[in-house]
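Taking it in order: structure first as structure tokens, then the write-up.
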Amino acid sequence: MAQLGAVVAVASSFFCASLFSAVHKIEEGHIGVYYRGGALLTSTSGPGFHLMLPFITSYKSVQTTLQTDEVKNVPCGTSGGVMIYFDRIEVVNFLVPNAVYDIVKNYTADYDKALIFNKIHHELNQFCSVHTLQEVYIELFDQIDENLKLALQQDLTSMAPGLVIQAVRVTKPNIPEAIRRNYELMESEKTKLLIAAQKQKVVEKEAETERKKALIEAEKVAQVAEITYGQKVMEKETEKKISEIEDAAFLAREKAKADAECYTAMKIAEANKLKLTPEYLQLMKYKAIASNSKIYFGKDIPNMFMDSAGSVSKQFEGLADKLSFGLEDEPLETATKEN
């Protein structure tokens, strides 16, 4: 019985160990590949729990999501013979799930060592060998990332389709201390030169601004002067027009006044000519004698009413003719007294 119990215990232990080794788990973002007797099996498995033959079959988990491979301390010799070192080069890549079996079969599960690490060393040394330290360290440093990515992807497309390079990041290389100090001094002098150039640009810009400001101010003054001059010219022209209008109005008034006076004189002359008839003159004579308070006696008193009437009427007819032609007339009383 004791031996039977021992056999059962050993069998149970063996069964538990077999079951434990047969059950395995594949994480999300990974693909499981299987080996049996050292040979790669064609079957693969996705994320989850799976069973395999214990002690005979083994598995490896291959990541298919984005991963970053770091290549450290890569030596590089420039065309001038200076040895420099890149501390760290990061390669971001991912593996297409359908290409896992072919890549693992050709390059093992550690495919990144053969396809990425060794390729980085090779491409970087190729780049440094055809460029000077100045080009690698300063002038072409910003192109190293893109050049490495393109070179890697071009080779992987033909050697391992399904392995995609997402990005490559290269740190600044380490150069000899003496050369580094020289570059620092050079950068310092370059910075000073840039600062001086910027200051000069600022001064030139300020001078240009002042010049434009003065030009604008001068243009403003000129425009104000032009506007003022135009206003004065318009005022003078307005005054001239007003004066011409006033002169024309005065001339028209004077002309109208002269025409009215001439017309009045002509009408008066015509009225006097019509009025100075012999009968009217005889009547005026009688009125004058009647209003005279002094009467002289003599032999000629009767004749003054008879004879002098004809001569006086003739004189007044001549006077009326003179008035009709616009000549100066003598007062009626003066003509009467002279007679």
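Note: Cβ is positioned from N, Cα and C throughout, glycine not excepted.
As the structure is a computational prediction, the values presented were derived from the model and not from experiment.
What Swiss-Prot says about this protein:
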type     : residues : note
CARBOHYD : N106     : N-linked glycosylation site
MOD_RES  : K267     : N6-acetyllysine
REGION   : 177-309  : region 'Interaction with ERLIN1'
TOPO_DOM : 25-339   : topological domain 'Lumenal'
TRANSMEM : 4-24     : transmembrane segment
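For the region 'Interaction with ERLIN1' (177-309), the DSSP-based tally of helix, strand and coil residues reads 122 helix, 0 strand, 11 coil. A distance of 144 Å separates the Cα atom of K267 (N6-acetyllysine) from that of the residue listed as 'N-linked glycosylation site'. Averaged over the region 'Interaction with ERLIN1' (177-309), the predicted model has a pLDDT of 83. When secondary structure is read from DSSP and collapsed to three states, N106 (N-linked glycosylation site) falls in the helix class.
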